[in-house]
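What TrEMBL records for this protein:
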{"type": "DOMAIN", "residues": "4-131", "note": "domain 'Nudix hydrolase'"}
{"type": "BINDING", "residues": "R26, E37, F38, P39, G40, N122", "note": "8-oxo-dGTP binding site"}
{"type": "BINDING", "residues": "G40, E60", "note": "Mg(2+) binding site"}
Amino acid sequence: MIKRRVHVAAAAIFSSDGQQVLLARRPSNVDQGGLWEFPGGKLAPFETGFEALKRELHEELGLTIERAQPLIRVHHEYPNKHVLLDVWQVHGFSGEAYGREGQAVRWVALDELFSYPFPAANLPILRAVMLPTEYLISAEEDDDAVFLTKLERALKEDGVRLVQLRAKRLDEAAYIARAEKALALCREYNVRLLLNAEPELLERVDADGIHLTSDRLMTLERRPIAEGKWLSGSTHDRAQLEQAARIGCDFVTLSPLRTTPTHPDAEPLGWHDFQQLVEPAGMPVFALGGMTRHDANHARAVGAQGIASIRDFWK
Ligand SMILES: Nc1nc2c([nH]c(=O)n2[C@H]2C[C@H](O)[C@@H](COP(=O)(O)OP(=O)(O)OP(=O)(O)O)O2)c(=O)[nH]1
Ligand SMILES: [Mg+2]
(Lines of atoms letter the chains of each structure in order from A; the text may use other names.)
(Lines give C-alpha, C1' and ligand atoms only; values in the text may rest on other atoms or scores of the structure.)
(Ligands and ions follow the chains in the order given, each with its own letter.)
Protein backbone atom coordinates (compact mmCIF):
# COMPACT_ATOMS: atom_id res chain seq x y z
CA MET A 1 0.00 0.00 0.00
CA ILE A 2 1.33 3.45 -0.88
CA LYS A 3 0.65 5.70 2.06
CA ARG A 4 -1.08 8.97 1.57
CA ARG A 5 1.10 11.99 2.40
CA VAL A 6 -0.70 14.75 4.24
CA HIS A 7 0.75 18.19 4.81
CA VAL A 8 -0.99 19.99 7.68
CA ALA A 9 -0.55 23.54 8.96
CA ALA A 10 -1.37 23.89 12.67
CA ALA A 11 -1.10 26.68 15.21
CA ALA A 12 0.07 27.09 18.77
CA ILE A 13 -1.93 30.22 19.59
CA PHE A 14 -0.68 31.82 22.78
CA SER A 15 -2.66 34.00 25.18
CA SER A 16 -1.26 37.51 25.58
CA ASP A 17 0.55 36.56 28.82
CA GLY A 18 2.12 33.56 27.05
CA GLN A 19 0.87 31.16 29.73
CA GLN A 20 -1.94 29.44 27.82
CA VAL A 21 -2.45 27.92 24.39
CA LEU A 22 -5.65 27.30 22.47
CA LEU A 23 -6.66 23.67 21.91
CA ALA A 24 -9.55 22.22 19.95
CA ARG A 25 -11.10 18.78 20.18
CA ARG A 26 -11.35 16.75 17.01
CA PRO A 27 -14.91 15.58 16.29
CA SER A 28 -15.42 11.93 17.26
CA ASN A 29 -16.26 10.83 13.68
CA VAL A 30 -12.94 11.90 12.03
CA ASP A 31 -9.40 10.52 11.98
CA GLN A 32 -7.86 10.82 15.51
CA GLY A 33 -11.37 11.71 16.68
CA GLY A 34 -12.00 12.81 20.28
CA LEU A 35 -8.36 13.76 20.80
CA TRP A 36 -7.23 17.34 21.39
CA GLU A 37 -5.20 19.14 18.73
CA PHE A 38 -3.59 22.35 17.70
CA PRO A 39 -6.14 23.91 15.36
CA GLY A 40 -5.38 23.73 11.65
CA GLY A 41 -5.78 21.52 8.64
CA LYS A 42 -4.49 20.28 5.33
CA LEU A 43 -2.90 22.56 2.77
CA ALA A 44 -5.04 23.09 -0.31
CA PRO A 45 -3.27 22.71 -3.69
CA PHE A 46 -0.71 25.49 -4.27
CA GLU A 47 -1.16 26.96 -0.79
CA THR A 48 1.85 27.75 1.40
CA GLY A 49 1.81 26.63 5.04
CA PHE A 50 1.12 30.14 6.25
CA GLU A 51 -1.74 30.66 3.79
CA ALA A 52 -3.32 27.40 4.90
CA LEU A 53 -2.85 28.38 8.52
CA LYS A 54 -4.68 31.67 8.00
CA ARG A 55 -7.52 30.04 6.09
CA GLU A 56 -7.98 27.12 8.51
CA LEU A 57 -7.97 29.28 11.63
CA HIS A 58 -10.56 31.50 10.08
CA GLU A 59 -12.73 28.56 9.01
CA GLU A 60 -12.38 26.60 12.26
CA LEU A 61 -12.19 29.34 14.90
CA GLY A 62 -13.22 32.65 13.33
CA LEU A 63 -9.77 34.13 14.04
CA THR A 64 -7.74 36.45 11.83
CA ILE A 65 -4.03 35.74 12.16
CA GLU A 66 -1.79 38.77 12.11
CA ARG A 67 1.66 37.47 13.03
CA ALA A 68 3.12 33.96 13.21
CA GLN A 69 6.55 32.33 13.28
CA PRO A 70 7.52 28.73 12.47
CA LEU A 71 7.65 26.66 15.67
CA ILE A 72 8.44 23.08 14.62
CA ARG A 73 7.90 20.67 11.70
CA VAL A 74 7.10 17.10 12.68
CA HIS A 75 6.95 14.06 10.41
CA HIS A 76 4.89 11.15 11.70
CA GLU A 77 3.98 7.76 10.27
CA TYR A 78 0.43 6.79 11.11
CA PRO A 79 -0.63 3.29 10.01
CA ASN A 80 -2.62 4.74 7.10
CA LYS A 81 -0.70 7.93 6.22
CA HIS A 82 2.44 9.99 6.51
CA VAL A 83 1.71 13.34 8.15
CA LEU A 84 3.86 16.46 8.07
CA LEU A 85 2.70 18.84 10.78
CA ASP A 86 3.94 22.33 10.00
CA VAL A 87 3.36 24.09 13.31
CA TRP A 88 3.38 27.84 13.75
CA GLN A 89 3.48 29.97 16.84
CA VAL A 90 0.87 32.68 16.58
CA HIS A 91 1.72 35.95 18.29
CA GLY A 92 -0.98 38.27 17.01
CA PHE A 93 -4.58 37.61 16.07
CA SER A 94 -7.94 39.32 16.19
CA GLY A 95 -11.32 37.86 17.00
CA GLU A 96 -12.71 35.71 19.79
CA ALA A 97 -12.10 32.00 19.20
CA TYR A 98 -15.12 29.73 19.03
CA GLY A 99 -15.69 26.31 17.47
CA ARG A 100 -17.27 27.19 14.12
CA GLU A 101 -17.57 23.51 13.25
CA GLY A 102 -19.17 22.65 16.60
CA GLN A 103 -15.87 21.42 18.11
CA ALA A 104 -14.90 22.12 21.73
CA VAL A 105 -12.26 24.86 22.05
CA ARG A 106 -10.34 25.61 25.21
CA TRP A 107 -7.50 27.79 26.53
CA VAL A 108 -5.13 25.52 28.46
CA ALA A 109 -2.28 26.45 30.82
CA LEU A 110 1.12 25.23 29.60
CA ASP A 111 1.73 23.10 32.69
CA GLU A 112 -1.61 21.30 32.18
CA LEU A 113 -0.99 20.35 28.56
CA PHE A 114 0.29 16.88 29.38
CA SER A 115 -3.05 15.91 30.97
CA TYR A 116 -4.86 16.23 27.59
CA PRO A 117 -4.98 13.29 25.17
CA PHE A 118 -3.31 14.20 21.82
CA PRO A 119 -2.61 12.29 18.61
CA ALA A 120 0.67 10.35 18.69
CA ALA A 121 2.43 12.88 16.45
CA ASN A 122 2.02 15.69 18.96
CA LEU A 123 4.66 14.94 21.60
CA PRO A 124 7.43 17.03 19.95
CA ILE A 125 4.94 19.87 19.48
CA LEU A 126 4.07 19.87 23.18
CA ARG A 127 7.76 20.05 24.04
CA ALA A 128 8.30 22.93 21.62
CA VAL A 129 5.32 24.82 23.04
CA MET A 130 6.58 24.41 26.60
CA LEU A 131 10.20 25.35 25.92
CA PRO A 132 11.48 28.92 25.63
CA THR A 133 13.53 30.19 22.69
CA GLU A 134 16.72 30.69 24.72
CA TYR A 135 18.80 28.13 26.58
CA LEU A 136 21.51 29.47 28.86
CA ILE A 137 24.57 27.27 29.38
CA SER A 138 26.53 28.46 32.40
CA ALA A 139 30.22 29.35 32.03
CA GLU A 140 33.14 27.95 34.02
CA GLU A 141 33.33 30.05 37.19
CA ASP A 142 35.54 29.21 40.15
CA ASP A 143 33.67 31.15 42.77
CA ASP A 144 30.08 30.25 43.75
CA ALA A 145 29.18 33.82 44.71
CA VAL A 146 30.33 35.22 41.34
CA PHE A 147 28.48 32.38 39.63
CA LEU A 148 25.23 33.19 41.42
CA THR A 149 25.49 36.92 40.71
CA LYS A 150 25.94 36.28 37.00
CA LEU A 151 23.17 33.71 36.91
CA GLU A 152 20.75 36.02 38.70
CA ARG A 153 21.56 38.84 36.28
CA ALA A 154 20.68 36.60 33.33
CA LEU A 155 17.40 35.46 34.92
CA LYS A 156 16.41 38.97 35.97
CA GLU A 157 17.63 41.13 33.10
CA ASP A 158 17.63 38.79 30.13
CA GLY A 159 14.52 36.89 31.20
CA VAL A 160 16.19 33.51 30.71
CA ARG A 161 13.80 30.61 31.52
CA LEU A 162 15.95 27.51 30.88
CA VAL A 163 19.42 26.91 32.30
CA GLN A 164 22.03 24.18 31.99
CA LEU A 165 24.55 23.97 34.81
CA ARG A 166 27.85 23.17 33.10
CA ALA A 167 30.90 23.14 35.39
CA LYS A 168 33.59 20.76 34.15
CA ARG A 169 36.23 22.06 36.56
CA LEU A 170 34.28 21.28 39.76
CA ASP A 171 34.56 17.93 41.51
CA GLU A 172 31.36 16.13 42.42
CA ALA A 173 30.93 17.63 45.89
CA ALA A 174 31.50 21.17 44.62
CA TYR A 175 29.17 20.56 41.68
CA ILE A 176 26.39 19.38 43.98
CA ALA A 177 26.84 22.37 46.28
CA ARG A 178 26.63 24.73 43.32
CA ALA A 179 23.65 22.89 41.87
CA GLU A 180 21.71 23.28 45.14
CA LYS A 181 22.36 27.02 45.16
CA ALA A 182 21.54 27.42 41.49
CA LEU A 183 18.34 25.43 41.97
CA ALA A 184 17.17 27.65 44.84
CA LEU A 185 17.74 30.73 42.68
CA CYS A 186 16.00 29.20 39.66
CA ARG A 187 12.98 28.26 41.79
CA GLU A 188 12.67 31.89 42.90
CA TYR A 189 12.43 32.98 39.26
CA ASN A 190 10.33 30.02 38.13
CA VAL A 191 13.16 28.91 35.83
CA ARG A 192 14.03 25.31 34.82
CA LEU A 193 17.48 23.99 35.71
CA LEU A 194 19.11 21.02 33.95
CA LEU A 195 22.27 19.41 35.30
CA ASN A 196 25.09 18.67 32.87
CA ALA A 197 26.05 15.56 34.85
CA GLU A 198 25.53 11.83 35.26
CA PRO A 199 21.78 11.11 35.21
CA GLU A 200 22.05 9.49 38.67
CA LEU A 201 22.79 12.91 40.13
CA LEU A 202 19.12 13.73 39.77
CA GLU A 203 18.51 11.42 42.75
CA ARG A 204 20.62 13.73 44.91
CA VAL A 205 19.67 17.14 43.48
CA ASP A 206 15.99 17.52 42.57
CA ALA A 207 16.61 19.68 39.48
CA ASP A 208 14.28 19.77 36.47
CA GLY A 209 16.33 17.42 34.34
CA ILE A 210 19.63 16.29 32.86
CA HIS A 211 21.69 17.48 29.92
CA LEU A 212 23.76 14.67 28.38
CA THR A 213 27.14 15.33 26.81
CA SER A 214 27.39 13.69 23.39
CA ASP A 215 29.66 11.00 24.90
CA ARG A 216 27.09 10.10 27.56
CA LEU A 217 24.32 10.27 24.99
CA MET A 218 26.05 7.73 22.74
CA THR A 219 26.58 5.17 25.53
CA LEU A 220 22.94 5.01 26.69
CA GLU A 221 20.48 2.36 25.58
CA ARG A 222 17.37 3.95 26.98
CA ARG A 223 16.11 7.10 28.61
CA PRO A 224 17.92 7.31 31.95
CA ILE A 225 15.46 9.55 33.84
CA ALA A 226 11.71 9.74 34.50
CA GLU A 227 9.29 11.13 31.90
CA GLY A 228 8.34 13.99 34.22
CA LYS A 229 11.90 15.38 34.06
CA TRP A 230 13.50 17.08 31.04
CA LEU A 231 16.22 15.30 29.10
CA SER A 232 18.41 17.22 26.68
CA GLY A 233 21.56 16.21 24.88
CA SER A 234 24.51 17.67 22.97
CA THR A 235 24.60 16.66 19.31
CA HIS A 236 26.89 17.46 16.40
CA ASP A 237 25.68 15.24 13.55
CA ARG A 238 22.90 13.03 12.26
CA ALA A 239 24.01 9.91 14.15
CA GLN A 240 23.86 11.74 17.45
CA LEU A 241 20.46 13.25 16.62
CA GLU A 242 19.13 9.79 15.81
CA GLN A 243 20.50 8.42 19.06
CA ALA A 244 18.86 11.31 20.96
CA ALA A 245 15.52 10.39 19.38
CA ARG A 246 16.05 6.68 20.11
CA ILE A 247 16.58 7.17 23.84
CA GLY A 248 13.76 9.72 24.11
CA CYS A 249 15.52 13.04 24.60
CA ASP A 250 13.00 15.88 24.90
CA PHE A 251 15.23 18.31 23.01
CA VAL A 252 18.85 18.81 21.94
CA THR A 253 21.50 21.35 21.16
CA LEU A 254 23.13 21.04 17.73
CA SER A 255 26.58 22.57 17.35
CA PRO A 256 28.79 24.25 16.38
CA LEU A 257 26.91 26.57 14.14
CA ARG A 258 29.87 28.93 14.05
CA THR A 259 33.47 28.61 15.27
CA THR A 260 33.86 29.66 18.91
CA PRO A 261 36.76 30.40 21.29
CA THR A 262 35.76 27.43 23.50
CA HIS A 263 35.85 24.96 20.55
CA PRO A 264 38.27 26.52 18.01
CA ASP A 265 39.01 23.29 16.13
CA ALA A 266 35.46 22.05 15.59
CA GLU A 267 34.24 22.32 12.00
CA PRO A 268 31.24 24.72 11.96
CA LEU A 269 27.93 23.51 10.48
CA GLY A 270 26.66 26.78 9.06
CA TRP A 271 22.96 27.49 8.61
CA HIS A 272 22.53 25.32 5.53
CA ASP A 273 23.73 22.05 7.07
CA PHE A 274 22.03 22.96 10.31
CA GLN A 275 18.68 23.31 8.57
CA GLN A 276 19.10 19.96 6.80
CA LEU A 277 19.58 18.24 10.17
CA VAL A 278 16.83 19.97 12.13
CA GLU A 279 13.66 18.84 10.39
CA PRO A 280 14.29 15.05 10.56
CA ALA A 281 15.33 15.40 14.24
CA GLY A 282 11.71 15.18 15.37
CA MET A 283 12.27 17.26 18.49
CA PRO A 284 13.09 20.85 19.40
CA VAL A 285 16.68 21.75 18.45
CA PHE A 286 18.63 24.71 19.86
CA ALA A 287 21.34 26.23 17.65
CA LEU A 288 24.62 26.42 19.57
CA GLY A 289 28.07 27.80 18.79
CA GLY A 290 28.67 31.53 18.46
CA MET A 291 24.95 32.28 18.81
CA THR A 292 23.52 35.45 20.30
CA ARG A 293 19.93 36.51 20.88
CA HIS A 294 20.16 38.42 17.58
CA ASP A 295 20.34 35.02 15.86
CA ALA A 296 17.13 33.71 17.45
CA ASN A 297 14.80 34.79 14.64
CA HIS A 298 17.10 33.35 11.99
CA ALA A 299 17.40 30.13 13.96
CA ARG A 300 13.63 29.82 14.15
CA ALA A 301 13.27 30.56 10.46
CA VAL A 302 15.38 27.48 9.69
CA GLY A 303 13.37 25.31 12.06
CA ALA A 304 15.21 25.63 15.37
CA GLN A 305 13.53 26.11 18.73
CA GLY A 306 15.92 29.01 19.32
CA ILE A 307 19.49 29.54 20.44
CA ALA A 308 21.68 28.18 23.21
CA SER A 309 24.61 30.23 24.41
CA ILE A 310 27.15 30.69 27.14
CA ARG A 311 28.70 34.01 26.26
CA ASP A 312 25.61 35.94 25.29
CA PHE A 313 24.09 35.56 28.75
CA TRP A 314 27.16 35.40 30.97
CA LYS A 315 28.20 38.93 31.88
N1 LIG B 1 -4.79 20.15 12.96
C2 LIG B 1 -4.09 19.18 13.54
N3 LIG B 1 -3.96 17.96 12.95
C4 LIG B 1 -3.24 17.02 13.58
C5 LIG B 1 -2.62 17.29 14.84
N6 LIG B 1 -1.95 16.17 15.24
C7 LIG B 1 -2.15 15.23 14.27
O8 LIG B 1 -1.69 14.12 14.28
N9 LIG B 1 -2.94 15.74 13.27
C10 LIG B 1 -3.32 14.99 12.08
C11 LIG B 1 -4.73 14.46 12.16
C12 LIG B 1 -5.15 14.44 10.70
O13 LIG B 1 -4.75 13.22 10.12
C14 LIG B 1 -4.38 15.58 10.07
C15 LIG B 1 -5.17 16.87 10.01
O16 LIG B 1 -6.16 16.72 9.11
P17 LIG B 1 -7.59 17.39 9.27
O18 LIG B 1 -8.56 16.31 9.00
O19 LIG B 1 -7.76 18.16 10.52
O20 LIG B 1 -7.50 18.42 8.10
P21 LIG B 1 -8.55 19.48 7.74
O22 LIG B 1 -8.87 20.32 8.91
O23 LIG B 1 -8.04 20.14 6.49
O24 LIG B 1 -9.80 18.56 7.46
P25 LIG B 1 -10.74 18.59 6.21
O26 LIG B 1 -11.12 20.01 6.01
O27 LIG B 1 -9.96 17.98 5.10
O28 LIG B 1 -11.88 17.72 6.65
O29 LIG B 1 -3.25 15.78 10.92
C30 LIG B 1 -2.78 18.56 15.46
O31 LIG B 1 -2.28 18.87 16.55
N32 LIG B 1 -3.52 19.47 14.76
MG1 LIG C 1 -8.67 20.62 10.95
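Here the Cβ of each residue, glycine as well, is placed from N, Cα and C on the backbone.
Where TrEMBL records a feature, it is marked here on the structure.
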residue : record                  : Cβ within 10 Å
R26     : 8-oxo-dGTP binding site : 18
E37     : 8-oxo-dGTP binding site : 21
F38     : 8-oxo-dGTP binding site : 25
P39     : 8-oxo-dGTP binding site : 25
G40     : 8-oxo-dGTP binding site : 24
E60     : Mg(2+) binding site     : 20
N122    : 8-oxo-dGTP binding site : 23
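The distance from the Cα of N122 (8-oxo-dGTP binding site) to the Cα of E60 (Mg(2+) binding site) comes to 19 Å. Within 8 Å of the Cβ centroid of the 8-oxo-dGTP site, not counting the listed residues R26, E37, F38, P39, G40, N122, the chain contributes A10, L23, A24, W36, F118, P119. Spacing of R26 (8-oxo-dGTP binding site) relative to E60 (Mg(2+) binding site) is 11 Å (Cα to Cα, whole number). Ligand 1 lies under 6 Å from the Cβ of G40, out of the binding-site residues R26, G40, E60. According to DSSP, N122 (8-oxo-dGTP binding site) is assigned to a helical segment. E60 (Mg(2+) binding site) sits 7 Å from P39 (8-oxo-dGTP binding site), taking the C-alpha atoms as the reference points. Mapped onto DSSP classes, the domain 'Nudix hydrolase' (4-131) shows 30 helix, 55 strand, 43 coil. When averaged over the domain 'Nudix hydrolase' (4-131), pLDDT in the model lands at 96. Residues R26, E37, F38, P39, G40, N122 are listed as the 8-oxo-dGTP binders, and the farthest two of them sit 14 Å apart at their Cα atoms.
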